[in-house]
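Here the structure is laid out as structure tokens; the discussion comes afterwards.
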């Protein structure tokens with residue numbers, strides 16, 4: 001891990017124009033943080049509600065090609081799946097010689113879907129926090145953690161620019177840090193989370209619902225127990241603040257004993273083998289090619305899986321409960 005040292009990096013940026021491409025959750029927060037830290041920020045966006053939001057926030061807004069032409073440092077803060085076409089059609093033909101391109105994830109650069117020219121400095125600032133949180137901690141004089149990397153450094157000043165941007169985003173305040181990483185590592189840990197414990201959580205909750213309701217538990221009691229009460233969010237906060245196993249101290253001894261003795265029963269050798277295979281498929285590009293094909297085929301499997309999820313009785317019971325809860 002690294003934090004900003006005592007060197008004054010601000011000279012690496014000076015009055016350079018920073019172009020935020022995409023004014024969604026991350027784009028809005030990062031643009032506001034950088035501007036409030038004294039940097040010259042403009043926004044590139046299609047003419048939609050996000051562009052109007054940026055104008056309302058006081059930014060000069062341009063279409064993407066024009067914003068790119070004006071910018072010395074470009075933050076690419078649009079969804080991964082549309083970055084390739086936007087880069088090819090609007091950024092690559094217009095980016096200045098010697099400009100800096102900042103990614104918010106490793107995906108497209110690691111897999112080679114986007115290949116910047118050799119004169120472009122390529123950086124990554126990947127916040128480990130959702131967009132509104134990046135802004136919320138900044139206005140409360142707190143920091144946030146990120147994985148950061150230098151991917152291409154033709155002028156040997158990429159690290160200095162990277163650290164300056166991290167500092168101006170508010171990363172080095174209390175509670176934040178920059179973890180020196182790589183585009184490969186960020187892609188692995190991000191996708192492997194989505195392909196393992198995040199997905200497992202969804203479907204293990206569904207299996208829990210099936211078993212508990214078969215044994216007579218009411219749907220409402222099950223959904224509240226699993227996530228709707230907010231207890232799960234509080235456990236996650238305790239993990240963040242206290243540590244993964246140390247947060248067990250906030251549970252009853254009965255709960256702790258049950259978790260420590262029964263939890264390992266589900267983590268079989270077959271589970272670990274599946275996890276390892278998935279990691280390999282991420283690193284060798286198998287998943288990226290699969291997802292690329294899915295995009296090109298019109299998201300047929302993606303849409304079908306969403307429809308299948310809606311057909312489970314848990315979805316109907318969830319809507320009933322959330323209506324009572326006023327959500």
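Along the chain as shown, residues are numbered 1 onward.
A Cβ is built for glycine as well, from the same backbone N, Cα and C atoms used for every other residue.
Note that TrEMBL annotation is computational and uncurated.
Keep in mind the model is a prediction, meaning the values are calculated, not measured.
What TrEMBL lists as domain 'KARI N-terminal Rossmann' is 1-181.
The domain 'KARI C-terminal knotted' feature in TrEMBL is assigned to 182-327.
Among the features that TrEMBL reports, Mg(2+) 1 binding site is placed at 190, 194. Following the DSSP three-state reduction, the secondary structure of residue 194 (Mg(2+) 1 binding site) is helix. Remark: residue 194 (Mg(2+) 1 binding site) has no non-local neighbours by Cβ distance under 8 Å and separation of at least 6 in sequence.
For residue 190 (Mg(2+) 1 binding site), the same-chain residues 6+ apart in sequence whose C-beta sits under 8 angstroms from its C-beta are 105, 106, 107, 126. What TrEMBL records for 190 is Mg(2+) 2 binding site.
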Tell me, roughly as an integer, the mean pLDDT over the domain 'KARI C-terminal knotted' (182-327). 97
Would you list the DSSP helix, strand and coil counts for the residues of the domain 'KARI C-terminal knotted' (182-327)? 123 helix, 0 strand, 23 coil
